[in-house]
Every structure is written in structure tokens, then in C-alpha cells.
């Protein structure tokens, strides 16, 4: 019901303008009963629109540009390009080509890479190629550095905490301001709790690629209600709310157990936005059939083709939560996870003016970055 004031890319406290500067608005925009919400932040996206972030190609930069442009229409204003388990040569080629940058008319901002693997469990590898998996046995953090080549643009690393020497790796990554996520793992609850005590703060796509909840040892899922989390710390967890990766009942259980930690992720692959058929996910060939994506010739799920706005709508429908709660799971919570909530994920004064206009059914009508319109739904519904 209120006005949103924007100046120089930031959300403005209008009192200062009225009282100190005796100013008024230069441009007024009628939002026509839209909901204004913070831009969505996708911390796990493997590609889309034919682009696979885990393939080292000559035109990698134009690929990442294409995805960042296309996701604007789905309300995503910042993202973490995600690489699945790959050979070291791929990390060495791709990571230097990912640069952290602000969003704008050219596309969504890049917050840094999410490296999912290769330090994960063979039993829970999911769609990750087994021959590329690695351990920390020999040199722990040095092994990780040698594999990735550089951590300059890395924001999140997903690893399996039951691996030997993972504690020292988690400590080293956390020290460098890199978020450690637990996933693709057969860890029991105490191993997961120990990882959190060493600094891990995230769970990669809860329920997928981990031990199923068991009442005597709830595994990683048990972190949602663990009493061993250090005081003042919050564990966040990603969920692929596409109606396929997690049954709506599982989504509801997680949300009711720990609503403040839920982060919606798309886990989208190159085939998002394209016709069904064969596409890639890193080293593997995947088949898309409707909203289902499988490793070719198997029934192993391999990422999703759901867009972020679809995940938000499905989450709201499945849980019956408020509109605000659904929107926060895609904006505020990922910002808090990455420690950027003072800039992104809210409409607070002085935060970046990255925001969306949505209709009552939560379909995106327009996307703004730093106060500039970067995408708008046209009259013909394109």
C-alpha cells in the first residue's frame, strides 16, 4: 500500500528527502496493485537455456551472460553459477572465467561460484560422475586447492562431511569467507553437527542425495531441529521446490520444522527453458521428460528444469504459507546465508534496489536491478 523510493541504485528513506532536502520524486511509476518484492537470489543453478556451467567451452563467458540475461524474466537478480563434479582441468579452465559482478540490464549479478563436488560420497553421488569423485585423504585443504586451482571467485562449496579430514577443510574454507554446504553425503547426525561446529552453514538440496530421515539417526536432515548448533548460528537448507525432487509433504515437514532456514534453489540444468530431449549436465547426458530430468537411460534425477518463480509458487501452494514467507525463501534467506542481507534480499532503506513487481498469483511482471528496469512482461504475455 506504500511508495517505494529509489535513488542511485539504492532504496531511499524518503524522510531525508522530504525534510533535509525538501525534494520530491523526479519520476513516478504507478505499480497498478503489483506486489513489490526483493529480487530472487539463486544459490544453486547449473546452467540453463542450453548453457552448462560445468562445460569448459571457448565461449563460456557468452554462455554465462546468456543465462544471467534470461533468468531476469524469472525474477532472479543475483545468482551463484554452480559446477557439478568435474575433472580438475574443467575447474582450472572455467573458474578464472567467472567474475563476481553487479547485475544490470546485461543480466543478473554474479555472487560467486558454487562448487558442488567432487569431494562427495560415492553412495550418494546422484547425477555426479563417479570417476571424478575425490577425497581429502592425502593433503586435505591442499588437495582441494589443487583440484579447483583457485578460490578467488568461489562462494559456496558442497562437500560430504563424513570424509576423513573434512573438518580441517571446512575450517579453512570458512576462514576464507566461503560458505560450506553439506550434501551428496551419507553422514550421520553427529558428523553433520560436527561439521556445523566447524563452520558449515548450509545443506545442499535437503532430502536429495542424503540418507533418508531415520528416527534413531536422522542424518543431515536432523540438523533442522538439532540442539547442537552453536549459539547465534543458523543452519540454512536448500530445497528444490519443483513438485518432483521432494514430495509436497516433505516440503511441509521441513518448512514447519525450521521455517527460517529454508532457501529455495532451482538446481536448474542446461535444459531449463528448452524443449524436452537430451541435454548435458557436466560430464553426463541427461534426458528431459516434462519436468523430470534423468541421467540418460536411468531413473536417477539430475537437476531440475524449474525456474525460480515456479519454485516460489509451488512452495507457497504446497505449504499454504503466506506470500511474504514464500518470497523470503527466495530472497531474504539466501542473502542471510551468504551474509549479504544488508545489501540484498530485503526492501530496507539503503539496500540495493533489486526488486520485482509480481501479480497476486506471484507471476513476475517486471524486474529491476539497482533501480533500473531490466525486464518487463509485455502486453502480449511474451
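Cβ coordinates come from backbone N, Cα and C, glycine included.
According to TrEMBL:
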{"type": "DOMAIN", "residues": "35-374", "note": "domain 'Amidohydrolase-related'"}
{"type": "BINDING", "residues": "116, 184, 205", "note": "Zn(2+) binding site"}
{"type": "BINDING", "residues": "127, 208, 209, 216, 245, 301, 302, 303", "note": "substrate binding site"}
{"type": "ACT_SITE", "residues": "267", "note": "active site, proton donor/acceptor"}
Determine the mean pLDDT over the domain 'Amidohydrolase-related' (35-374), rounding to the nearest whole number.
96
Zn(2+) site shell beyond 116, 184, 205, criterion: Cβ within 8 Å of Cβ centroid
44, 117, 120, 126, 128, 158, 181, 183, 204, 208, 209, 267
I want to check the contact list for residue 245 (substrate binding site): same chain, sequence separation of six or more, C-beta distance under 8 angstroms. What comes out?
205, 207, 208, 239, 267, 301, 304
Of 208, 302, the binding-site residues given in the record, which has the fewest other CB atoms within 10 A of its CB?
208
I want to check the contact list for residue 184 (Zn(2+) binding site): same chain, sequence separation of six or more, C-beta distance under 8 angstroms. What comes out?
116, 117, 120, 121, 124, 125, 126, 128, 158, 160, 204, 209, 210
Looking at substrate and its recorded binding residues 127, 208, 209, 216, 245, 301, 302, 303, figure out the farthest C-alpha pair and report it in angstrom, whole number.
30
Long-range Cβ list for residue 303 (substrate binding site), cut-off under 8 Å, min separation 6+ in sequence, same chain only, gives 46, 127, 267, 268, 269, 281, 286, 293
